[in-house]
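Encoded as structure tokens, the structure appears first; notes follow it.
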Amino acid sequence: MAQNQMSIYDHIGELRKRIIIVALFFFAAMVIGLFVSPILITYLQNIPEAESFPMNVFKLTDSLKLYMNAAFLIGLIIVFPVLLYQLWAFIAPGLREKEKKVTLGYIPIATILFLGGLAFAYFILFPNVIQFLSNLSDRLNLTEQYGVNDYFSFLFQLTIPFGFLFQLPVAVMFLTRLGLVSPAWFRKIRKHAYFVLLVLAGFITPPEIISHLMVTVPLFLLYEISIIVSRFSYRKVLKAEQEEMEEWAKNDKDQK
């Protein structure tokens, strides 16, 4: 009993260590972000969607909030691979040697997908959402006069979630590798998953069919890609288990 309790405390201590490392790296990344923020903000101000809006500062703290939001985004991008590595390092002691090597290779893939999710939301989704909202204001004969903090907060709130949504294939690949899920399970819950993704897309996008489809279709594709990835990983797992059984049987035969 004492050993089990000690083991739990060890896990908690290890988790605490990993969280502290991520927090320190994120703080350093935020400092870098504060220096890079003016470049990012200037770039975002010069895109066509931003130039069409007269932006104003309605509060004394708006400029500071904008600065910090931009620094947060930059810090998140920089620290994301570190976060994944620390998560892997926390789980790695419970993995086999081969599993450690394979799952460590997921980190660069996940990082690329994270950047891909941000790019999809920024270059494809965001302009269409802005266009829809602008047209809605025109129909209501409203003069658009936005606060700069509101505009950029909306931009960041729309793009950042997609970086994490695009992690679905890697998460599925990892869970399949650990034997926690299988391709058959994902096929079984496909209808329910589609419904959840459909509702999720409805929360993300404005009530307009084109924007909704632009989010729903990629999410469905991500799910189908995840099933394919799961099938590939599952075959690898079965092959590894078969090789392990053959090796065990061979060793047992040699001992006899």
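Any Cβ shown, glycine's included, is placed from N, Cα and C.
A TrEMBL annotation is a machine prediction, not a hand-curated record.
Summarising the annotation, TrEMBL assigns transmembrane segment to 20-46, 66-91, 103-125, 154-180, 192-210.
Among the stretches 20-46, 66-91, 103-125, 192-210, the one making the largest number of Cβ pairs under 8 Å with the transmembrane segment (154-180) is 103-125.
Sequence-distant contacts of the transmembrane segment (66-91) (same chain, at least 6 residues past either end, Cβ-Cβ under 8 Å): 14-15, 18-19, 21-22, 25-26, 29-30, 32-34, 36-37, 40-41, 103-104, 106-108, 110-111, 114-115, 118, 148-149, 152-153, 156, 160, 163.
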